[in-house]
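Only one structure is covered here, and it is reproduced in the block below.
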Amino acid sequence: MLHSWFGRRAPQRWALVCAFAAALLLAACDNAPKFQNLDITGNTQFGSDFALPDTTGKVRTLADFKGKAVVMFFGYTHCPDVCPTTMAELSEALKQLGPDAAKRVQVLFVTVDPERDTPALLGQYVPAFDPSFIGLRPADDAQLKKVTKDFRVYYAKVPGKTPGSYTMDHTAASYVFDPDGKLRLFVRDGQGPGPWVHDLKLLIG
């Protein structure tokens, strides 16, 4: 369940609005590449790194992907719409980039539902879109809260119709780092592969 890419709560929404406004002002003041997505280069209100276990238990950080553009998406495997759509768009974007360029892009899927998204489930779900995609699973609630706070990602359980069932309301967007590990883009969902291809080409050169 997802009502908007901001989520439900007004404080989180306004925090993101302010951060995006600052990003737009920064972009207007220089001759930065003309991205089709929101350029947040130099915006210090978002996280600059992460340390999260992958599906094998290995802790991953940006340093593991030096030399690649890194796409970081927050979602969950039981997501009925936005998550699979975004992953499919990214898979198609990599195909359109071609095999050589695609090797310079790393897609990371960070679950906001580690309660249900076990390492085994993530290990099946994420690579199904592309074998190179990697799933990351916060080890505990504290780690989940930290990474979502760092990247201003909203998430919350939404009770389902049957006892014990639920969906997740969450920010529907991705963050993109350049090959030098600098946060560059905020990408809203539902734009199709075209803007992804355009902006990733600019980032990887």
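Backbone N, Cα and C define each Cβ position, glycine as well.
Just so you know, TrEMBL annotations never went through curation; they're auto-generated.
According to TrEMBL, the signal peptide annotation covers 1-27.
The domain 'Thioredoxin' feature in TrEMBL is assigned to 41-205.
Marked as Cu cation binding site by TrEMBL: Cys79, Cys83, His170. Cβ neighbours within 10 Å of Cys83 (Cu cation binding site), excluding its own Cβ and spanning all shown chains: 25.
Taking all protein chains in view, 22 other C-beta atoms sit within 10 angstroms of the C-beta of Cys79 (Cu cation binding site). Taken from TrEMBL, the feature disulfide bond covers Cys79-Cys83.
Counted within 10 Å of its Cβ, the other Cβ atoms near His170 (Cu cation binding site) come to 25, all protein chains included.
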